[in-house]
Amino acid sequence: MPALAAGVETSPEPVDDATLVEIFSRLRAADPEPRSELEYLNPYTLLVAVVLSAQATDKSVNLATAPLFAIADTPQKMLDLGEEQVRHFIRTIGLFNTKAKNVIALSRILLERHDGAVPCEAEALEVLPGVGTKTASVVLNVAFGVPRIAVDTHNFRVSNRIPLFSGATTDKVQAGLEARVPEPFRLNAHHWLILHGRYICKARRPECPRCSIADLCRYPSKTTALTPISTGD
């Protein structure tokens, strides 16, 4: 089910095409080769990591998957490990019971239908347990170099704030961004926007004074200075 917008304040009109190109040019200049912050070994472990990352931080997922992937980095090895042991490895991640079931179920399907390989088609990915549009798009982008712009809470916020594309759901924002973002930027747009939302355009207090695209952004509630923390008398 696509996520609904939750109190994201937007400007009436998205930035024009020239401004959009300038925004991505600056993001590219600051980080020419952005990478996922999820740690993985191959397309299969990437798929598992992204499934586990739902409603969890990349840091917490990486802490759980490092020992898990050391012994189970293929669908067969994961099935051999079993659901109970998978649950043990990921117990620090939210919704770990459901996620353990999904990891085992998707591993079985990969073996039965795809000879243990991760498919490179969205339709085949999205029928796997625990895999939706966002997860499939991340796997296609990161593992296979398909220029999909997966939308999570971070780039959903960034897109609506600037706005690059205004939409009420993550699916609508993804479709809008994929239609608007020029081809030279499309492959890495997902990473640039997520990292920008994670570290600069934060949900509660965006750090506009140190934002490289603040002068191009139309967000009406920009911060003008960071409030110093009082140390008392």
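Quick reminder: no glycine exception, Cβ is built from N, Cα and C everywhere.
The annotation [4Fe-4S] cluster binding site is assigned in TrEMBL to Cys201, Cys208, Cys211, Cys217. Cys208 ([4Fe-4S] cluster binding site) falls within a helical segment according to DSSP. Listed in sequence order, Ala214, Cys217, Tyr219, Lys222, Thr223, Thr224 are the same-chain residues at least 6 apart in sequence whose CB falls under 8 Å from the CB of Cys208 ([4Fe-4S] cluster binding site).
If you look up TrEMBL, you'll see 52-199 marked as domain 'HhH-GPD'. Per DSSP, the secondary structure of the domain 'HhH-GPD' (52-199) breaks down as 102 helix, 1 strand, 45 coil.
Counting only residues at least six positions away in the same chain, the Cβ atoms of His154, Arg157, Val158, Arg161, Glu207, Cys211 sit under 8 Å from the Cβ of Cys201 ([4Fe-4S] cluster binding site). Looking just at the domain 'HhH-GPD' (52-199), the mean pLDDT is 97. For the [4Fe-4S] cluster site, the Cβ centre of Cys201, Cys208, Cys211, Cys217 serves as reference, and the other residues of the chain with Cβ at most 8 Å from it are Arg161, Ile200, Pro206, Glu207, Ile213, Ala214, Tyr219, Lys222. Take the CB of Cys217 ([4Fe-4S] cluster binding site) and look out to 10 A: across all protein chains shown you find 21 other CB atoms. DSSP assigns Cys217 ([4Fe-4S] cluster binding site) to coil, not to a helix or a strand.
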